[in-house]
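**Student:** According to Swiss-Prot, the feature phosphoserine maps to S9, S15, S20, S39, S181, S267, S313, S390. Marked as region 'Interaction with DNA' by Swiss-Prot: 271-278. The annotation region 'Interaction with HIPK2' is assigned in Swiss-Prot to 317-358 on the grounds of similarity to another entry. According to Swiss-Prot, the motif 'Bipartite nuclear localization signal' annotation covers 303-319. According to Swiss-Prot, the feature motif 'Nuclear export signal' maps to 337-348.
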Amino acid sequence: MEDSQSDMSIELPLSQETFSCLWKLLPPDDILPTTATGSPNSMEDLFLPQDVAELLEGPEEALQVSAPAAQEPGTEAPAPVAPASATPWPLSSSVPSQKTYQGNYGFHLGFLQSGTAKSVMCTYSISLNKLFCQLAKTCPVQLWVTSTPPPGTRVRAMAIYKKSQHMTEVVRRCPHHERCSDGDGLAPPQHLIRVEGNPYAEYLDDRQTFRHSVVVPYEPPEVGSDYTTIHYKYMCNSSCMGGMNRRPILTIITLEDSSGNLLGRDSFEVRVCACPGRDRRTEEENFRKKEEHCPELPPGSAKRALPTSTSSSPQQKKKPLDGEYFTLKIRGRERFEMFRELNEALELKDARAAEESGDSRAHSSYPKTKKGQSTSRHKKPMIKKVGPDSD
């Protein structure tokens, strides 16, 4: 009996009668409406009710609203270094001018006096107007003004190539130094010039020329000082392949107001090398030799002075020295007698040479006659033999 009841409990849910009973128990609102053909009326009937859909979409909307609120300026995580922003200050031309302009404020640059020792890391040559420095070493540059500029004045530093065939190119670091992790998080890796010790430095790229520059606010000199000092660093060697590639560069320092108007300009040449003292000494010696070989002449006489100097040098070499006398100090009597005899022999030789030259000039009109006489003297006479049969 118990086995039959257990079999019925298993078979009832699987029978068709049980399913029809359960189907009739469902409320009519939960059954999908059908058309006369028995197919669903539309796809919209398959969607969830509106209250259920709003309940499910609620958490997503809350997340979308709360996500922007979490990104506040104070709690924002530090992002990686982004490319430098384009400067809103327009430049006057595609190639910046390098001519010195002091303006109304007497703006000009100055440098510390340093020697040419091998251990020096930064040295400036006045005669060459050139700064020699090592890679990534501090180079103090002095800003001098005769009167205080207006508030909001800025100081811009920009590097350009010195030679005309390279001026249109942008000065940038080589690919090797760009990949080096030597940045402070503020300067872009492709910028050559950096400012040290100034948190207000801005590294900018021009929209039109794509040139790199660094701008810092102008600070008046401190009490007891006559100038303001800015510490620059050059982050690539002058000999790096793919960068400057041994091409000389100029650093242009400009004084600008808050609107970008020029107030003053000054420039100097830069060489980034391993031994600044040695390179400065070598270039100054070459420059000095060049000046001695080609001295400066007043304007208007340069065209005539060049042939005169070249033609006068051979004349000085061909100038006879027979009429000049020299005094020679000799130690010892024996040496003196030897040199005296040598001098007398040379004097006698010169006298005989002069006499012979005089005789040759006097008898130059009779060379053939003398020659004929000399040959006839030594000529053997011919004798005709007379035989017995001759008359």
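Note that Cβ sites are derived from N, Cα and C of the backbone, with glycine treated the same way.
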**Student:** Let me know the DSSP-derived helix, strand or coil state of S181 (phosphoserine), please.
**Tutor:** coil
**Student:** Give the distance between the Cα atoms of S181 (phosphoserine) and S267 (phosphoserine), rounded to the nearest whole Å.
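**Tutor:** That separation, Cα to Cα, works out to 30 Å.
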**Student:** I'm checking region-level scores; what's the whole-number mean pLDDT for the motif 'Bipartite nuclear localization signal' (303-319)?
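**Tutor:** A mean pLDDT of 47 is what the predicted model shows over the motif 'Bipartite nuclear localization signal' (303-319).
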**Student:** Can you tell which of the modified residues (S181, S267) has the fewest other C-beta atoms within 10 angstroms of its C-beta?
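**Tutor:** Comparing Cβ neighbours within 10 Å for the modified residues S181, S267, S181 has the fewest.
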**Student:** Tally the residues of the region 'Interaction with DNA' (271-278) by DSSP class, grouping H, G and I as helix, E and B as strand, and everything else as coil.
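**Tutor:** Counting residues per DSSP class in the region 'Interaction with DNA' (271-278), I get 3 helix, 2 strand, 3 coil.
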**Student:** Is S267 (phosphoserine) helix, strand or coil when read with DSSP?
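**Tutor:** For S267 (phosphoserine) - judged by DSSP and reduced to three states - the answer is strand.
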